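Here's what TrEMBL has on this protein:
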BINDING   N107, H112, E117  oxalate binding site
BINDING   H110, H112, E117, H161  Mn(2+) binding site
DISULFID  C32-C47  disulfide bond
DOMAIN    59-216  domain 'Cupin type-1'
SIGNAL    1-18  signal peptide
Amino acid sequence: MAASTYFLLVAFLALVTSQSIASDPSPLQDFCVADKYSPVKVNGFVCKDPMAVNADDFFKAAKLDQPRDTKNKVGSNVTLINVMQLPGLNTLGISLARIDYAPLGQNPPHTHPRATEILTVLEGKLYVGFVTSNQANSNNKLFTKVLNKGDVFVFPQGLIHFQFNPVHDKPAVAIAALSSQNPGVITIANAVFGSKPPISDDVLAKAFQVQKGTIDWLQAQFWENNHY
């Protein structure tokens, strides 16, 4: 009896651990093309009938070789290819994005709640970094690096990170791979100061230790969404 109990305990712990470290559910078949029109709601998407699947379910003419428009307040454009654009990604735990940066443009501080990101610079130069979660010593450590063409950098899942083009006269381009079919994004300034309805200015003034008038001014701004 004791041996059986021990075995069940180990099996339970292994199951819990595997679920806690997994970002997306692992596939149980060759593929599970998303049926975005199914009325059934699950974590992800219901599988399309395999007999109705064709090559186009795994293909998108995304034109990722073409520059994007970066004429916005932050000077960047993120073109994300996730399961919403490519149904064949369903259950495969991966997506990607092309990111264009205007001179002195940035992809502002943000997080991906469901994915680690690995970034490769295709053109130009980028100053990148991420900040750790709250530590026991009350510090949030910043890790930064200047990347050149061909360099690679990893942003751990869920941590606040950013990219900035420090060059005043040349654009930059990067490709990012993400470990989720739907990584999600939370742009920090947009979420804190641009939420609908707004967070109480009493709450934010206390949190940021500034006057309420400063918070009111920030909340009155238009917060640019650079994801397209």
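Placed from the backbone N, Cα and C atoms, the Cβ positions cover glycine too.
Sequence features, as recorded in TrEMBL, placed on the structure.
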residue : record               : CB count, 10 Å
C32     : disulfide bond       : 22
C47     : disulfide bond       : 20
N107    : oxalate binding site : 28
H110    : Mn(2+) binding site  : 21
H112    : oxalate binding site : 24
E117    : oxalate binding site : 23
H161    : Mn(2+) binding site  : 22
H112 (oxalate binding site) and C47 (disulfide bond), distance between Cα atoms, whole Å:
25
Given the recorded Mn(2+) site (H110, H112, E117, H161), which additional residues of the same chain have their Cβ within 8 Å of the Cβ centre, ordered by sequence?
T111, A115, F130, F155, L159, I160, P183, V185
Tell me, roughly as an integer, the mean pLDDT over the domain 'Cupin type-1' (59-216).
96
Same chain, not part of N107, H112, E117: whose C-beta falls within 8 angstroms of the C-beta centre of the oxalate site? Give them in sequence order.
A97, H110, T111, A115, L119, F155, H161, A176, L178, P183, V185
What's the CA to CA span in angstrom from H112 (oxalate binding site) over to C32 (disulfide bond)?
23
Whole-number Å only: compute the distance from the Cα of H110 (Mn(2+) binding site) to the Cα of E117 (oxalate binding site).
12
